[in-house]
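These features come from Swiss-Prot:
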- Cys120, Cys124, Cys127: [4Fe-4S] cluster binding site (BINDING)
- Gly165, Glu166, Ser197, Ser219, Leu220, Asn221, Asn295: S-adenosyl-L-methionine binding site (BINDING)
- Cys113-Cys338: disulfide bond (DISULFID)
- 106-333: domain 'Radical SAM core' (DOMAIN)
Amino acid sequence: MDVSMDQDTRIDLKNFTLEELTEFLAGMGKERFRAGQVMRWMYHRLVDDFDAMSDLSKVLRAELHQRARISRLTPEATEDSRDGTRKYLFRLEDGETIESVRIPMDDNRATLCISTQVGCAMGCVFCHTGSFGLVRNLTPGEIVNQVCAALADGPVNNIVLMGMGEPLHNLDNVVKALQILYMPQGLDYSPRKVTLSTAGLVPQMQELGKRVRVNLAVSLNATTDEVRNRLMPVNQRYPLQQLMAACRQYPLHAKKRITFEYILIRDVNDSDQDARRLVKLLHGIKAKVNIIPFNEHSASEFRAPTEERISRFQGYLLDHGMVAIRRASKGQDISAACGQLKGKLTVSPPAQESERNSARPDRSQGKGKHL
């Protein structure tokens, strides 16, 4: 695909919080309340054409056309799993690609896993995304637009920042994207419905807790520094003792726990000794452990644990009073499971643009219906 076309240099309003959009419009000499109107068109009705904003004057619409634009993401391709999981491939304006995953849940609910970077710098050896390195950060608009695109396929009840990239390596843009997700004039999600996963960037974890409310998940995957250093290079900079201290200091709201993701890898971190060390490591932390059997992929020589080993590991944690859940790995047949995203699909093109536009929901009739 030729991506050499001139870039649109107008300001993308999808990168603005309500406060920033208010100031932008005030700088144009417009009333401050207009920002809320524009926001609601962009996010409640998923409109990206100023001419469709019927409660704005023709003069304002014309001025906005000249100075601003509203970006969108349309899937270049989609791939559907036998279990109902859908993977989206998005091509960004500079030609780079990212993936998002829509995961079906019980009661016709859905969780959306979104990306925060093109590639990833963390280099976790079990993760396919990390094998490509970091290309660039996503903008707030590129993060939020993944949700807007998925809403065209139906409600999204929960959002997890667990796709391509390390969210805390793109902290400023991620915080702004979360603010847009939470705003009543934006996508109006409750922070209770949004979870951010980190490999363990300790200073950014501390900053995150001060700046925005979000459920925290920590990709742990080992109980000793020796093993975690090998699996996750970030541990050489922020070893387990520092990571656990940051977790104990993270501001938790009532009834909330920090989720610790533990990818169980055969003969690497799945022993009885690992289970015992994990109980000790998380002592005193309001914790929930998600046990994730390793999802095998071509870029790794690691193997999945046996069913017997998974049950034994989980059983030990449960017997010692921990909340330990085996997480089902959905979308494995389309490489959409944990650690398998790579920003490339080889599938037939999606439905025609007109069909997708006609399926777009009008979210103006009441707010928060996707929660």
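Each Cβ is built from the backbone N, Cα and C atoms, and glycine gets one as well.
With a cut-off of 8 Å between CB atoms and residues at least 6 apart in sequence, the same chain places Cys124, Ser197, Thr198, Ala199, Gly200, Met232, Glu261, Ile263 near Ser219 (S-adenosyl-L-methionine binding site), listed in sequence order.
Each of the binding-site residues Cys120, Cys124 was scored by the number of other CB atoms within 10 A of its CB, and the lowest score belongs to Cys124. Cβ neighbours of Leu220 (S-adenosyl-L-methionine binding site) (same chain, under 8 Å, six or more residues apart in sequence): Gly200, Arg228, Phe260, Glu261, Tyr262. Each residue contributes its Cα atom, and for Cys120 ([4Fe-4S] cluster binding site) and Gly165 (S-adenosyl-L-methionine binding site) those atoms are 4 Å apart. With respect to their backbone Cα atoms, Cys113 (disulfide bond) and Asn295 (S-adenosyl-L-methionine binding site) stand 16 Å from each other. In the three-state DSSP assignment, the secondary structure recorded for Ser197 (S-adenosyl-L-methionine binding site) is strand. Straight-line distance linking the Cα atoms of Cys127 ([4Fe-4S] cluster binding site) and Asn221 (S-adenosyl-L-methionine binding site), rounded to a whole number, equals 12 Å. Across all of the domain 'Radical SAM core' (106-333), the predicted model scores a mean pLDDT of 95. Among the residues the record lists as binding S-adenosyl-L-methionine, namely Gly165, Glu166, Ser197, Ser219, Leu220, Asn221, Asn295, the two farthest apart have Cα atoms separated by 19 Å. Sequence-distant contacts of Glu166 (S-adenosyl-L-methionine binding site), defined as residues of its own chain at least six apart whose C-beta falls under 8 angstroms from its C-beta, comprise Thr116, Gln117, Cys120, Ala121, Met122, Thr198, Ala199, Leu201.
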